[in-house]
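Chemist: Below you will find the structure I want to go over with you.
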């Protein structure tokens, strides 16, 4: 039972690996990211997400994705932010994130002294010696300005020059004057800080300085790295291990910095649209990141690209990459922005169709896809194109219809997308035969794999078995599947696998039993014959038994190899065990109830005799202490004796021996103390009476 399952899973693995080998498919941001955001950013009871930085990244991600957080309670977060903004010991980094959070949540700002915060940040900008200090202080000032406050940077030209002094000739930046190395990640921070300077300046910055920065950006993009599919990204080079950020963080920093600087620049940056599109493909190719930090880098960077002054990238994607020729599926294409917004009026053309070995399908000619305005998709009917089943690389061209919008959007030159065309594979001339070794006579039986019919054969070790068939695609071409296996399974569960060979459009398997007797361990008897044919584009994959063959093999020699041990069925090892029926020992015979009650009465008689004796003798309290302290110890002593008697009763009813002894130990110490004080008082009183 386990072996057919393994073979079936093998076929599924073959098909799945073929589908995955095409690489990740680029899709715009979807509801999957919104669901992931709720899982990655989990707020605490006060509404915060950890530190101020983590809280800002979570809230910013929710804001970009449009995740509804109306039911969340952020009063605690606003209170914490207000305290940070009012504290004189808050760092510029905390002030930066606190101001950002205030703007996102719309916290009450009446109690916030924005003038004092602005003055503090202006002082930091003036005295700053590192790039990060300038970045956070300038970002904080810009955030104050965006909240409607009047903020003007006191020495904008000097600050601009101070940041520019940290740049390098290759477009990278240093973190401070003492740094010996430069960083690509720092370049993104510097560009964003320079954009803040331009926004906060009371007058226009010298355009010659802006032009120098534009040249630095061009040099920076000369260092960009690329994949074969046009995906582009930035990475660090020759930096200290503690400063290495990785491709995602570095690319995110550059994207945010470049788009921010482009927004304040009077002239358009000299960056090709294909580079902006390549960066967008890099961020989208990640899918859904697994950490909150990476998620923020991805979403924030794509938000910068969604609406920028360089080029807005348009993403071409296929809602379905597996198309059935049997069902006459249409090729459907969507072109949107990175967040799935509708694209402008454009034309989508299918230029070429390439096979996996990069050969062009000669029967195909360039086709322009039709547009469905209701569903906002471009589609193409594949049936008239005469394209057979298989894995293909589809090369598209996207063109914006409006000439003025051609410079506004980045569509790329040629877009390559992998698709699978599946269909029903026809099985022809399937037959199985048994012949003598000299092929003088042959017994042939036809196989109809569309039915459940089974064949029955018999052979000895001097004969051969032949199985042959042809596979044909819907267009009549010979089909070569990824996997074809013939399995012979003996009645003792010993299995043998064979792979048919292809020859002149036909698959053939010939088994010469004389040469296989050792492989078959000289096991005569009935062998089941099973055929498995699987492929990623084959809609009617085959996994079925075609019949059986009765083999008569010679006796095994004395030194012949033994067949392997029969595999243990997992269900027999780990399945439910037989139920154990247990018979408990019969309870011992108890005495009659009357006898037990009579014995209990005898045990109570001494207590009754004691009480009667007390009544006969007479009891008085003349010797009981009258002073406050001795009387208190006397009461505690008698109470302790009563507690011991009560403990005996509880031991009889419910307590175990160890619990009883533990409690009795504490009571014994208590009784020893109060009893000693009580008896000492009585002894001293008696001695005074005698002397008197």
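Cβ coordinates come from backbone N, Cα and C, glycine included.
The signal peptide annotation in TrEMBL covers 1-23. Look at TrEMBL and you will find 29-306 tagged as domain 'Ribophorin II N-terminal'. As annotated by TrEMBL, domain 'Ribophorin II second' applies to 314-404. Per TrEMBL, domain 'Ribophorin II third' is recorded for 429-551. What TrEMBL records for 584-684 is domain 'Ribophorin II C-terminal'. The transmembrane segment feature in TrEMBL is assigned to 597-619, 631-651, 663-683.
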Chemist: What is the number of residues in the domain 'Ribophorin II C-terminal' (584-684) that are helix, strand and coil, as DSSP sees it?
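Modeler: For the domain 'Ribophorin II C-terminal' (584-684), the helix, strand and coil counts are 79 helix, 0 strand, 22 coil.
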Chemist: Hey, which bits of the same chain come close to the transmembrane segment (663-683), Cβ under 8 Å, at least six residues off its ends?
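Modeler: Same-chain residues near the transmembrane segment (663-683) but 6 or more away: 623, 625, 630, 633-634, 636-637, 640-641, 643-644, 647, 655.
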Chemist: Based on DSSP, tally up the residues of the domain 'Ribophorin II third' (429-551) by helix, strand and coil.
Modeler: 3 helix, 73 strand, 47 coil
Chemist: What does the DSSP secondary structure composition of the domain 'Ribophorin II second' (314-404) look like, as residue counts for helix, strand and coil?
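Modeler: Taking the domain 'Ribophorin II second' (314-404) as a whole: 5 helix, 45 strand, 41 coil.
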Chemist: Looking only at the domain 'Ribophorin II second' (314-404), what is the mean pLDDT?
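Modeler: Average per-residue pLDDT within the domain 'Ribophorin II second' (314-404): 93.
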